[in-house]
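A.B. asks: The structure's right below; bear with me while I get my questions together.
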Amino acid sequence: MKTHSVFGFFFKVLLIQVYLFNKTLAAPSPIIKFPGDSTPKTDKELAVQYLNKYYGCPKDNCNLFVLKDTLKKMQKFFGLPETGDLDQNTIETMKKPRCGNPDVANYNFFPRKPKWEKNHITYRIIGYTPDLDPETVDDAFARAFKVWSDVTPLRFNRINDGEADIMINFGRWEHGDGYPFDGKDGLLAHAFAPGPGIGGDSHFDDDELWTLGEGQVVRVKYGNADGEYCKFPFWFNGKEYNSCTDAGRNDGFLWCSTTKDFDADGKYGFCPHESLFTMGGNGDGQPCKFPFKFQGQSYDQCTTEGRTDGYRWCGTTEDYDRDKKYGFCPETAMSTVGGNSEGAPCVFPFIFLGNKYDSCTSAGRNDGKLWCASTSSYDDDRKWGFCPDQGYSLFLVAAHEFGHAMGLEHSEDPGALMAPIYTYTKNFRLSQDDIKGIQELYEVSPDVEPGPGPGPGPGPRPTLGPVTPELCKHDIVFDGVAQIRGEIFFFKDRFMWRTVNPRGKPTGPLLVATFWPDLPEKIDAVYESPQDEKAVFFAGNEYWVYTASNLDRGYPKKLTSLGLPPDVQRIDAAFNWGRNKKTYIFSGDRYWKYNEEKKKMELATPKFIADSWNGVPDNLDAVLGLTDSGYTYFFKDQYYLQMEDKSLKIVKIGKISSDWLGC
């Protein structure tokens, strides 16, 4: 580790003292206030702001009584226990990324249940995000409109000039409509209800990283895969890369593979960079010309000077003052998000509090977010930004906002597109709740095939979408049941329910992806490892391991890496038995015993379930071992078996709905 030798003022002396103190005690980096970062709020401050913005609690008069009453409304909306208290689950919900429209009626957004009085709606894209190329943005918006035109008579036509019914733009913080954004995460976008003027307009926060939901979308130039997309992670010379790299080159240009294995396929292209091309402007895509002159000053890199929107640009000739030729600088593979660097790329290595960092770090933060400096020394320049993550799906967020632009309000159904909290869904389908809502406004799409109606005469067949399950209205066969961090979770498709009381009614449904992103929409089994309190999920022939809500690096992995034979293509259930701390994995009529300490399967297995677990059926749905209870529970269809751990005897057979779900 290296520190600067010259420190001209008190702050830098303080940095040395902090550095020496940390080195002596081997303590973690101190938490600091980053310039341009939003000030962390107390739970009470967060709640007052949240309830004011989304539930109408008066900002200056949200006293304890009003706060408690409004909190109950918010908790009811999200399927949480209606305590009126600021418990951990409520705070976690408030911190999740979401739409900026309110959850209760707000006449600035939705006056008098508005709708368009015509079926042909125009839209215009005024501005673009630098996170995606224009073609990808155009396609995302077109697909988002198609979500609604597929189930209604509405038809959407794009225009390039003049006033459209729906004007689409990106902006930061205060962007001209009186409803400012809030920086990275938090509030993602908002839209106004149908009507003249600002009615229908949809705005997206450009401090977010806009992707298609699975990380940066990088379209390459040149190479032998021109126009294709980077595939992250990819392998090159036996090493895994999660972003563009200059490895193997001596010209400094960043590149990526467009397949998972460059060593095998040899497909590559160059990642966006201002030395290769620019976007927009009037420079016809020409690369930046460095240095270039602007207002008499010389610039040797992209700048935001002369602009109020924070977008980086450059001259495409050596003299902008003379030629007036310019373009916007494309986001590079390591462009920062948020912070105060205006999208400038990370610079590695960089110095922070005297230490050298060769990659993104969470040092100095208490929220775990990864960041980097955009110069070689944060200590000198204090320029920084967040490192790219999975980002937010522009298609999904736009489809939600365009629902508002059609007149829909937020839905309490967590499986609905119109639910306020953002959740990435890989294979998206419009829910029945969304379809019902939009068709109440605009009737059924004329393209829907006619069929028998509810009355004696013919009528349109309603469009069907996935329905969110209700515990006591449907006989649910659960995909998995597990105790994780002291709570019992019940999983069904992409939904879950949770409770701390084994005999109390669980809260939910909640979307699994809001807690454990990157899982498939249906799991086969789940358990918590007692060694490290990691949650382990199984689906098909793979498994996922999570620390809290973060997927561990290198996952998912194949079942064979656990020691299961290749013929096991899925498992039925898994649990860790408190009696011996071993994990038992069930598939069909067999089970395996896994040693968590040694991280290996025990040689004595597999065995037949019937030979060791008297009375336990084959093809289980789930197994739950309750901590310190002395019992294990086996779930099959609508019933469960309670086994006493000490005697291995089944002591009870009961109905899941009445004994576990409070029905």
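Cβ atoms are placed via backbone N, Cα and C, with glycine included.
Feature annotation from Swiss-Prot assigns active site to GLU401. The disulfide bond feature in Swiss-Prot is assigned to CYS230-CYS256, CYS244-CYS271, CYS288-CYS314, CYS302-CYS329, CYS346-CYS372, CYS360-CYS387, CYS472-CYS663; the stated evidence is sequence analysis. Annotated domain 'Fibronectin type-II 3' per Swiss-Prot: 341-389, in sequence order. What Swiss-Prot lists as repeat 'Hemopexin 1' is 475-519. Look at Swiss-Prot and you will find 520-566 tagged as repeat 'Hemopexin 2'. Look at Swiss-Prot and you will find 568-616 tagged as repeat 'Hemopexin 3'. The repeat 'Hemopexin 4' annotation in Swiss-Prot covers 617-663. Residues or ranges marked as motif 'Cysteine switch' in Swiss-Prot (evidence: similarity to another entry): 97-104.
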A.B. asks: Hey, of CYS314, CYS472, CYS663, which of those disulfide-bonded residues are within 10 Å of CYS387 (disulfide bond), Cα to Cα?
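C.D. replies: Near CYS387 (disulfide bond) by Cα: none of them.
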A.B. asks: Which recorded positions from the set CYS360, GLU401, CYS663 come within 10 angstroms of CYS372 (disulfide bond), judged by C-alpha positions?
C.D. replies: CYS360
A.B. asks: Can you check which residues sit near CYS314 (disulfide bond), meaning Cβ under 8 Å from its Cβ, same chain, 6 or more apart in sequence, and list them in order?
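C.D. replies: Once residues fewer than 6 apart are set aside, CYS314 (disulfide bond) is near GLU274, THR278, CYS288, LYS289, PHE290, PHE292, TYR299, GLN301, CYS302, THR303, TYR326, GLY327, CYS329.
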A.B. asks: Within 10 Å of CYS346 (disulfide bond) (Cα-Cα), which of the recorded positions CYS230, CYS244, CYS271, GLU401, CYS472, CYS663?
C.D. replies: none
A.B. asks: Apart from its near flanks, which chain residues at least 6 from the ends of the repeat 'Hemopexin 1' (475-519) lie with a Cβ under 8 angstroms of it?
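C.D. replies: For the repeat 'Hemopexin 1' (475-519), the nonlocal Cβ contacts are 79-81, 89, 96, 390, 414-415, 419, 421, 423-425, 468-469, 525-528, 533, 535, 537, 539, 544, 546, 549, 551, 573, 575, 621-627, 633, 635, 637-638, 656-657, 659-663.
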A.B. asks: List every residue in the same chain as the residue listed as 'active site', at least 6 positions away in sequence, whose Cβ is under 8 Å from its Cβ.
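C.D. replies: Residues satisfying the criterion: CYS99, ALA144, ALA189, HIS190, ALA191, SER202, PHE204.
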A.B. asks: Using DSSP with the three-state reduction, classify CYS329 (disulfide bond) as helix, strand or coil.
C.D. replies: coil
A.B. asks: Cβ neighbours within 10 Å, counted over all protein chains: which one of the disulfide-bonded residues CYS302, CYS472, CYS663 has the most?
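C.D. replies: Ranked by Cβ atoms within 10 Å, first place goes to CYS302.
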A.B. asks: How big is the gap, in Å, between the Cα of CYS230 (disulfide bond) and that of CYS271 (disulfide bond), rounded to a whole number?
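C.D. replies: So the alpha carbons of CYS230 (disulfide bond) and CYS271 (disulfide bond) sit roughly 8 Å from each other.
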A.B. asks: Could you say which of the disulfide-bonded residues CYS244, CYS329 has its Cβ with the most other Cβ atoms inside 10 Å?
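C.D. replies: In terms of Cβ crowding, the pick is CYS329.
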A.B. asks: For the domain 'Fibronectin type-II 3' (341-389), what are the DSSP-based totals of helix, strand and coil residues?
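C.D. replies: Tallying H, G and I as helix, E and B as strand, the rest coil: 4 helix, 15 strand, 30 coil.
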A.B. asks: For the C-alpha pair, I'd like the distance in angstrom between CYS256 (disulfide bond) and CYS244 (disulfide bond), rounded off.
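C.D. replies: If we compare the Cα positions of CYS256 (disulfide bond) and CYS244 (disulfide bond), the gap is 5 Å.
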A.B. asks: Spatially, and counting Cα to Cα, which of the disulfide-bonded residues is closest to CYS244 (disulfide bond)? Options: CYS360, CYS472, CYS663.
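C.D. replies: Going through CYS360, CYS472, CYS663 one by one, the closest to CYS244 (disulfide bond) is CYS360.
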A.B. asks: Long-range same-chain neighbours of CYS360 (disulfide bond), Cβ under 8 Å, sequence gap at least 6?
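C.D. replies: In sequence order, CYS346, LEU370, TRP371, CYS372, CYS387 meet the Cβ cut-off.
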